[in-house]
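Beneath this line is the structure, given in structure tokens, with notes to follow.
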Amino acid sequence: FWNFKSRTTLRFLTWFELLNIRPVSAARVSGRYLTHQKGLPGLPVPPLQQTCERYVRALEPILEVDELKQTRELVAEFQKAGGVGERLQRSLEKRAQNTENWLSEWWVLVAYLDYRLPVVVHSSPGLVLPRMNFSDKQGQIRFAAKLTAGVLDFKTMIDNETLPVEYLGGKPLCMNQYYEVLSSCRIPGLKRDSVVNHAKTSKHITVVHNFQFFALEVYNSDGTPLTADQLCIQLERICSASLQTNVEPVGILTTQHRDSWGKAYVNLSKDKTNRESVSAIQRSIFTLCLDGAMPQVSDEMLRSCAAVQMLHGGGSQWNSGNRWFDKTLQFIIGEDGVCGANYEHAPAEGPPIVALIDHAVEYTRKPEMAQTPMVPLPMPQKLHFNITPEIKKDIEEAKHAMNILAQDLDMMVTVFGHFGKNVPKAHKMSPDAFIQMALQLAYYRMYQRCCATYESASLRMFRLGRTDTIRSASSASAAFVRAFDDPSKPKVDLMEKAVNAHRSYTNMAITGQAIDRHLLGLKMVAVEEKLSIPDIYTDTAYAKALHYKLSTSQVPSKTDCVMCFGPVSSDGYGVCYNPMNDHINFAVSSFNTCKETNAAHLAQAVEGALLDMRTLLEQTPKAKL
Ligand code: COA
């Protein structure tokens with residue numbers, strides 16, 4: 001899984017494989033993107049009664065009976081004819097008619113730009129690629145150059161509007177996120193952040209090595225992207241120009257709590273040189289992090305250590321300062337073959353990032369075809385920072401906070417090698433629903449209760465669509481997990497019902513009929529219209545519904561990789577998984593400060609649950625399923 005040595009580099013690529021690498025179309029198809037976007041439907045506003053009814057149903061597995069009774073009354077009051085719910089619903093429907101997407105702008109603010117915890121661990125996912133076949137500086141530079149060339153190749157498709165449209169369940173998807181992931185950057189504010197995009201003008205990337213930043217032009221004067229050979233020369237020059245290691249890690253400032261970083265940003269930007277350097281990072285296409293060493297760990301912890309490197313860099317003494325975490329996309333390459341990425345979540349979800357990375361990784365495996373022009377290249381420009389005592393103090397504070405966060409994160413990456421999508425498919429079950437039910441069973445076995453569970457569902461069937469929540473804990477899942485270890489209970493029907501209930505919820509969510517974003521929208525209307533917030537939102541049931549002890553996401557890919565992210569509650573887990581055909585990659589996280597959680601224990605419980613569920617399927621005659 002993690003070691004390419006035995007897979008690709010020891011054999012020659014066949015012509016089929018070569019042809020299978022989609023060639024980038026050079027001819028621009030102007031207007032194609034807008035025409036596609038215009039043809040997409042707008043995000044619907046679900047009926048009020050439907051959401052209210054589904055909300056109460058979603059609370060059943062996670063609330064006590066008396067709590068549920070009170071919430072039912074509040075919901076009945078909210079949805080009654082002529083009540084506040086109807087008023088909010090009308091305003092929301094009006095907003096839906098007058099905007100491209102009634103939700104997206106609000107969502108970016110609520111979920112990201114107004115969210116003040118550090119983007120590191122709390123918001124930005126990491127992506128761990130399989131370990132590559134190099135183990136020294138030269139190999140690191142060579143691979144970084146090839147990967148960069150691969151990203152630029154993908155960028156040509158974005159620039160030319162020739163990116164193939166994606167489909168989900170036979171429906172075309174919104175492609176907007178692809179236009180937001182390159183050349184953009186988050187900017188810290190004192191209370192709210194913002195995102196800038198420089199796609200039209202951006203011609204350079206930023207490279208960071210030994211905590212020092214460089215702007216590297218990646219296009220020749222004739223507009224062609226630099227070849228991997230040219231990039232290699234430039235990266236070598238950067239590494240030679242940044243050998244000193246006792247440099248202030250100014251990038252660590254981006255790991256701070258957003259309010260603190262907002263203040264430090266003002267300090268940093270007082271100086272003209274600093275302002276220009278920060279602006280060069282913000283305007284760049286992406287950041288390439290050429291990392292130094294990480295702590296030595298045992299072989300079985302290598303993947304988990306790689307996930308930590310991608311998620312937060314390991315702390316100030318390792319690579320956390322070798323980043324600019326506000327940058328939407330950072331590629332991270334170690335000297336030991338470990339590589340991956342980190343992305344700032346405001347502009348996009350995982351799937352477009354993974355598609356870009358799949359393409360770039362595929363590109364690195366291709367024998368080089370482009371002819372390298374024999375022209376001298378300009379020296380990459382070092383981005384200088386003047387560190388005043390005040391900035392030095394901000395850096396020290398950021399280091400301290402980052403190290404506490406790094407200590408706190410418990411991360412476990414595992415490969416479930418017994419089966420993948422193949423087994424549930426053979427039993428005519430949705431693999432995603434099967435995995436989600438295994439997570440429910442694992443959690444129940446550890447805690448003897450069900451918890452509010454989040455799974456992201458794509459809303460990209462709609463113009464500018466982002467995500468809604470699939471609530472994986474349902475009455476059907478609760479019945480299934482409670483029965484599973486009880487020898488007196490029949491289980492297979494309950495398992496089938498739970499899996500089917502999950503798949504129905506998924507269908508409801510991806511067609512814009514789930515409850516969470518609708519409830520949020522109604523609340524946002526109340527805020528905007530300065531109405532008092534309805535009681536259903538101040539009810540403890542609502543807080544419980546949003547306290548996700550399991551925050552999960554499926555991010556599939558062609559490359560055998562896995563995405564990872566932190567938990568969204570102090571006593572919960574973050575679980576990201578990539579189901580391949582015959583195995584499943586999992587990244588499970590929790591916080592060490594919470595005594596009740598343990599990432600390795602949950603990962604192990606999931607493995608046990610998946611195996612037990614398969615056994616149950618195999619013991620049941622096919623005709624019964
Ligand atoms: N019998 C046999 N096969 C089935 C099946 C059944 N009953 N149900 C599904 N399958 C097949 C599907 O056809 C599909 O086949 P493929 O591997 O050839 O494509 C495969 O199993 C996977 O389907 P399923 O497991 O049901 O999941 P999905 O691909 O529909 O994905 C979500 C479900 C929720 C993950 C997806 O809809 C989604 O929203 N993804 C985006 C999530 C996201 O944005 N995450 C990032 C957040 S940062």
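Glycine too: its Cβ is placed from the backbone N, Cα and C atoms.
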Residue from Gln330, Gln371, Gln554, Gln604 that TrEMBL also lists as binding CoA with Lys421, Lys425, Ala426, His427, Lys428, Met429, Ser430, Pro431, Asp432, Ser456, Ser458, Arg503: Gln554
Longest CA-CA distance among Lys421, Lys425, Ala426, His427, Lys428, Met429, Ser430, Pro431, Asp432, Ser456, Ser458, Arg503, Gln554, per record bound to CoA, angstrom: 25
Candidate nearest Lys428 (CoA binding site) in space, where candidates are the recorded positions His345, Tyr454, Thr467 and distance is Cα-Cα: Tyr454
Cα-Cα distance linking His345 (active site, proton acceptor) and Ser430 (CoA binding site), given in Å to the nearest integer: 27
Euclidean distance between Cα atoms of Thr467 ((R)-carnitine binding site) and Asp432 (CoA binding site), Å: 16
Candidates His345, Lys421, Ala426, Ser458, Gln554 (recorded positions) with Cα within 10 Å of Thr467 ((R)-carnitine binding site): Ser458
Tyr454 ((R)-carnitine binding site) versus Ala426 (CoA binding site) - Cα distance in angstrom: 27
CB contacts for Ser458 (CoA binding site) [other CB atoms within 10 A, all chains]: 20
Contacting recorded positions for ligand 1, chosen from His345, Ala426, Tyr454, Ser458 when the Cβ sits under 6 angstroms of any of its atoms: Ser458
Nonlocal residues around Gln554 (CoA binding site), in sequence order (Cβ under 8 Å, 6 or more apart): Asp432, Ile435, Glu455, Ser456, Cys576, Tyr577, Asn578, Pro579
